[in-house]
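Here's what TrEMBL has on this protein:
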type	residues	note
DOMAIN	31-172	domain 'F5/8 type C'
DOMAIN	174-259	domain 'LCCL'
DOMAIN	287-388	domain 'C-type lectin'
Amino acid sequence: MCFAYAHTEEDPCPNVSKYLEIIYTCEQKVCLHGLGVENGNITDSQLSASSSTGLFTPNKARLNGNSCWMPSGNPMSSWIQADLGQTRKVTGVVIQGCPGNDHWVTKFKLQHSMDGTTWTDYTADGRFLPGSTDRNTPDTQLLGTPVSAKYVRIIPSEFNGEAGLRFDVLGCTPDYAITCASKPDFNFANNQMTVHCPAACAHADYKVYGTSVYRGDSNICAAAIHAGVILNELGGDCTLLKAEGQNLYYGTTRNGITSKEFSGNYDVSYTFADGELRCPGSDWYEFGEYCYKPFEDKKTWHNARHTCRSLGADLVSIRSMTEQSWLESYLYLETSDVWTGLNDLVVSGMFTWSDEHIVTFTYWAPGEPNNHDGFSEDCVEMLQQVGKISLTD
């Protein structure tokens with residue numbers, strides 16, 4: 001993967017507007033897991049509602065189930081909620097209608113809570129979220145600003161026929177995003193954990209014991225930098241594997257991290273699933289499962305794609321808000337616009353990524369795409385404006 005800075009020199013159509021604003025609110029797949037309503041990890045007792053009609057009880061509200069929840073009172077003052085069991089990072093909601101009747105919620109309000117008593121309206125994307133369009137299509141609504149919550153509540157606002165729904169909550173477990181000070185918390189049922197380290201942990205206070213195999217109380221992110229699985233200036237994902245305790249941990253200095261030697265028994269150790277960086281050179285940057293290479297020379301979209309493909313890569317495909325934020329924070333050394341791989345060159349109005357990844361999550365700005373002033377708009381660039389990111393064609 002790579003990207004190049006956008007430029008319009010030698011543009012064959014200099015008088016044609018090529019700008020189409022698009023705003024992405026996506027989440028990395030690792031934080032788009034169903035949190036248990038659909039698969040039953042959230043038990044019936046963890047689903048509750050203000051009221052129910054007959055057999056349409058809260059436990060029937062599971063996504064893709066054969067029934068649904070329907071309130072008996074005023075739908076707009078009714079609610080259904082899920083107790084997630086622990087604090088989770090909530091990134092979205094998937095909602096469906098009732099499978100046996102033309103009853104579905106078309107607009108709803110979302111609330112979240114840490115204790116099940118004090119509730120906060122989710123308003124970062126407006127007071128209401130769009131709901132279902134038919135009986136069975138799962139409609140995913142991602143949160144532009146994810147929240148930490150133990151409880152999530154859905155309040156119907158508008159509906160087709162009568163109010164009824166099935167749903168699941170999307171998000172990830174709390175051990176995913178950690179701080180520089182974090183240490184492993186293995187237990188009998190947990191022999192590995194995947195975490196996301198912030199940048200600059202080499203500059204924080206840390207204690208690391210060992211080389212390749214680390215004492216179990218070593219700070220995770222500093223150890224990951226030492227092991228070479230993440231870069232200090234970027235941070236990133238790493239997977240820890242629980243290992244047996246050692247009687248000797250060797251100290252070394254690697255990648256700006258100095259680990260200490262420890263001679264003596266310790267009951268648990270850990271290693272990392274990746275022993276080395278996977279990118280082809282020092283001018284590439286690793287994030288998640290991909291490598292990125294920035295360019296400062298300015299090119300047209302087609303020439304930028306050609307440059308990337310000559311390296312066995314392609315223009316960047318942004319499939320998550322986490323990825324977008326990372327690009328903004330670490331690769332945008334200047335405020336210049338950059339090309340992405342998003343385009344509708346094959347079929348007008350059908351946007352795809354140049355590397356053929358499916359466009360799974362998009363959140364277009366109001367009125368877009370609109371082929372501004374009637375001109376054809378095909379290629380999409382990302383620009384930084386007033387502290388927010390948008391994609392422009």
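Including glycine, each Cβ sits where the backbone N, Cα and C put it.
Small disclaimer: the values here were computed from a predicted structure and weren't measured.
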Kindly state the mean pLDDT of the domain 'C-type lectin' (287-388) in the predicted structure.
-> 71
Work out, from DSSP, the number of helix, strand and coil residues along the domain 'F5/8 type C' (31-172).
-> 10 helix, 72 strand, 60 coil
